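To start, the structure under review is shown below, and the notes come after it.
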Amino acid sequence: MAAKEVKFGREARERLLRGVDILANAVKVTLGPKGRNVVIDKSFGAPRITKDGVSVAKEIELEDKFENMGAQMLREVASKTNDIAGDGTTTATVLGQAIVQEGVKAVAAGMNPMDLKRGIDAAVDEVVANLFKKAKKIQTSAEIAQVGTISANGAAEIGKMIADAMEKVGNEGVITVEEAKTAETELEVVEGMQFDRGYLSPYFVTNAEKMVADLDDPYILIHEKKLSNLQSLLPVLEAVVQSGKPLLIIAEDVEGEALATLVVNKLRGGLKIAAVKAPGFGDRRKAMLEDIAILTSGQVISEDVGIKLENVTLDMLGRAKKVNISKENTTIIDGAGQKAEITARVNQIKAQIEETTSDYDREKLQERLAKLAGGVAVIRVGGATEVEVKEKKDRVDDALNATRAAVEEGIVAGGGTALLRAASALTVKGGNPDQEAGINIVRRALQAPARQIATNAGEEAAIIVGKVLENNADTYGYNTATGEFGDLIALGIVDPVKVVRSALQNAASIASLLITTEAMVAEMPKKDTPMPPMPAGGMGGMGGMDF
């Protein structure tokens, strides 16, 4: 076991604080509409330029083990806030640094760390309750656009695009962000249910120019297993031919004799048909086929439930107004499913999302939910260079997360103003002087985000904060982008409650742990042993050679 180095008391806390300061000072320059950029070196490719706090925090690793512990604990504040709210990482870092700095000073002055922690917790609880009380629910598309614009560092076109996407696919719909191949940023909305499987044979194409197969008012056969035997498929094919409607077959695979017969029938014009593979794999495939069945009012043909293919009748097939199939994707538009059944399925998936602990499973469940509930919107982020695209994509991701958080818990005045007001409204009393000191630590720390936003804009922070506090209106604050004071909610300078609340709660949680730290243990740095010197006379076996 490697030897360990141990630090105690004041020395331990000072080393922690040094690490906290290094990370926070690198992150906090990005805060606000006039925040600066941070350039991150990459071992290959161009350096990355970002104004995203958590991206900066994740890149910082310090040489000194004890300082690094402080930096990593503060990084946890940013990461946790990003996981919960998807934005507010820089605010959380600034709050965390402010609480730790004040707390370490208080402990050095002889105060009881545990009482300080109790005071900090009591103050944070009251501030969070105050934020919920002041929160304003957002209803309109314009308000959603405002939240997106603020989180995208003032880029109005990003805010508007996110508002448009949310309007089209609903709050339950999936909005994904991808890098575009062009310089333009654009929004694409896919209506209905789309899955990433295309036609099994190009002979199914109905529009040779676009290479797509369009089926109007088709029957949909949903089969769990492979289809290779033609005989079992014949009864259902004959029934569909007599109905005069097109047919879409969704199965694990269609091959051999069955596929050849379908293609021949399509080419002869006897049957308008297309076949695609079922989406997903394993249990997820079963669940997605069930989703398609509910959406189209059909049944999954599976021997597990005792239905054989040769016994299938037309009323077991799904229906939709239109199906569009390209080489890569199949889109089912306006399925004939019952609204009550679709709602029940949506609620079932929501319950699974609540229960799952896996991020991957949650993402896949949310995709399924969107396909059933509304649709999918894709924001393709473009730019002149790869570096610009990556930086812009970070901002779009932040803006998207912030708008979702705003819809969930409402909004408060932005620019750090809500926390400033909450500091003034703190009335909770501590049980002793040390707890009172903990409450005062939070009261002072709540000013830090507003001060940092002003500092990054080149303003005198104390003057700006003083002027804001002179006016008692809750929403009165400073618009850093224009340099004017006014009603921030009316000006569209807003923050989601979920973002502000998560930032404060996570900052206080980690800061309390750092303040109550009394000992630190780290591995001693390994001493590199020098290579032994080469023996005299060079390499063996070289004697007697003439040069």
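Placed from the backbone N, Cα and C atoms, the Cβ positions cover glycine too.
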Site-mate of T30, L31, G32, P33, K51, D87, G88, T89, T90, T91, G415 for ATP in Swiss-Prot, selected among D164, D334, D495: D495
Least Cβ-crowded entry, counting other Cβ within 10 Å, from the binding-site residues listed as T30, T90: T30
Number of Cβ atoms other than its own within 10 Å, given for G32 (ATP binding site): 27
Binding-site residues (G88, G415), the one with most neighbouring Cβ atoms at 10 Å: G88
